[in-house]
Amino acid sequence: MGLYRVRVSTGASLCAGSNNQVQLWLVGQHGEAALGTRLRPARGKVSSPEKSGQEGCAPGSESVKSRWWGETRPSRHRTDPPSEGARRTVFDDPQGLFRKLREEELEERRKRYRWGSWKDGLILNMAGAKLSDLPVDERFLEDKRVDFEASLAKGLADLAIKDTFNVLTCWKDLDDFNRIFWCGQSKLAERVRDSWKEDALFGYQFLNGANPMVLRRSSCLPARLVFPPGMEELQAQLQKELEGGTLFEADFSLLDGIKANVILCSQQHLAAPLVMLKLQPDGKLLPMVIQLQLPSTGTPPPLLFLPTDPPMVWLLAKCWVRSSDFQLHELQSHLLRGHLMAEVIAVATMRCLPSIHPVFKLLIPHLRYTLEINIRARTGLVSDMGVFDQVVSTGGGGHLELLKRAGAFLTYSSFCPPDDLADRGLLEVKSSFYAQDALRLWETISRYVEGIVSLHYKTDVAVKGDTELQTWCREITEIGLLGAQDRGFPVSLQSQEQLCHFLTMCIFTCTGQHSSVHLGQLDWYTWVPNAPCTMRLPPPTTKDATVETVMATLPNFHQASLQMSITWQLGRRQPIMVAVGQHEEEYFSGPEPKAVLRKFREELAALDKEIETRNAKLDMPYEYLRPSLVENSVAI
């Protein structure tokens, strides 16, 4: 007779616990037996009754099954999980002893987690148009919901106050943006306000700002860069930097032809800039030339703006670049590659992997709150008459066209920093702290994944033979991503190495990659001239801009105030957050996976300390990939 300890944990949310009873059975290879124990789960409490093994419950194959007597809310994503000694993968269970339980769980899940299509041509999402359509386990707990909605109310209150104070004031000088620059700004945001006109800060943002995903090292001079007569010296300078390996580019061609928004009957405007930059020996990245539009047949070549142009002309050209970067950042880098990609992973996981599966246990902490925050985005930010329609130049339908275009660039390699950074030529750029930290966090996550996978898959054959795993991989690539195998995503997993790489991609996407494009919003977007959400005049075709021209082009005070309010709400440090790897839930119960998780946490702590030490020596610390600040899931 063995001794079994059953640990029943109840969450600490407001309505957790029950006055009803939980009955337990011990299920073994040859049958099942009631434990004769009924628990009354109390909020935030753990019960651990010990029971002797029952006849028919062979060691090594036992699991615990529970029944809730009455209506209550079970623990999040814990549907009768067998113990660590049970059959965990289909390959581990050749006799099919647990097949029926696994199939029943997935059949029930597929009814609750259904694929939907928010807009035609976009990668798929969770079906459901409103929060009440979500399974209860996917909803914010009370602390998260109260904080989110309170911050939204505060942001709207600040917006109303700013609008009231500025509705009758004259808005004609760049310093006038200071009138709305208050409440909750970061130290770096203040630094941006004071230094945003500097070329060094302009270039720095491509390396380490809110959107480090556009910059790449040039392999040739771009074909779109047409040099008019008299620009031979500039062409020679660019060629020299190119030959020295120090020429970089940021190309926003994806915006070309996107229809701009109309806000309150006023036409807004977009550009599709190209910026050529040189990397200096001291690590500074400085712009050399800006082209705001692509050349077109039958028209003169577009103007090339230079640092030697009159200050307001050059500043306006940089504002156009920063506004274009705002559009690509929020829609391509943040929404599509962060939020919507994580949703594909989440829905496929819930539909294809039972809770006993080791990959489910590995991934589930990194999918928390993703479905709710994405529904909130679709119903508030990018919905009809949402924030984008109200104040962003790609709103009014342009944002949807941009998302569809950007879908063609969702390549597997671009989600994997070792491949992406090599492709963009950033691996050896010492002043790219994003590149350094992304690579180190990826490697840390990879070692954690390898540790867990090696415990459950001893051979490549075990990976190939796991039908649930193969279905999950195929569902992500062929269904959720609308057939992304032509962009490198696998439709099957043939080896331990391939599985580890794919899982590392999933976890990094939901943690470090999202944080790297999320956390910088408060710092870089609060001072609106540095990241204008919209532009009210067309791109310049002459070099005679004045302060009045710049002010008439940048967002008005209401548009700027709304940008700042939303930036503050979403970009502020979240008081309700779980740092990467620090989830309290214990999805693995055995000592070996616990040791792997413990080592992962130790490596994260060491990396965090290394970044802190490096940052202490920097003029501008880079913190967006510090493990203590990286959230464990796409939860905001």
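Cβ coordinates come from backbone N, Cα and C, glycine included.
Predicted automatically and left uncurated, TrEMBL annotations should be read as such.
Features as listed in TrEMBL:
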type     : residues                       : note
BINDING  : Gly17                          : Ca(2+) binding site
REGION   : 38-89                          : region 'Disordered'
COMPBIAS : 64-89                          : compositional bias 'Basic and acidic residues'
DOMAIN   : 88-636                         : domain 'Lipoxygenase'
BINDING  : His334, His339, His514, Ile636 : Fe cation binding site
Fewest-neighbour residue among binding-site residues, criterion Cβ within 10 Å, set His334, His339, His514: His339
Per-residue pLDDT averaged over the domain 'Lipoxygenase' (88-636), given as an integer: 95
Fewest-neighbour residue among binding-site residues, criterion Cβ within 10 Å, set Gly17, Ile636: Gly17
Spatial neighbour of the residue listed as 'Ca(2+) binding site' that is closest, considering only the binding-site residues His334, His339, His514, Ile636 and their CA atoms: Ile636
Cβ-centroid neighbourhood (8 Å) of the Fe cation site, His334, His339, His514, Ile636 excluded: Leu335, Gly338, Ala342, Ile373, Val517, His518, Val634
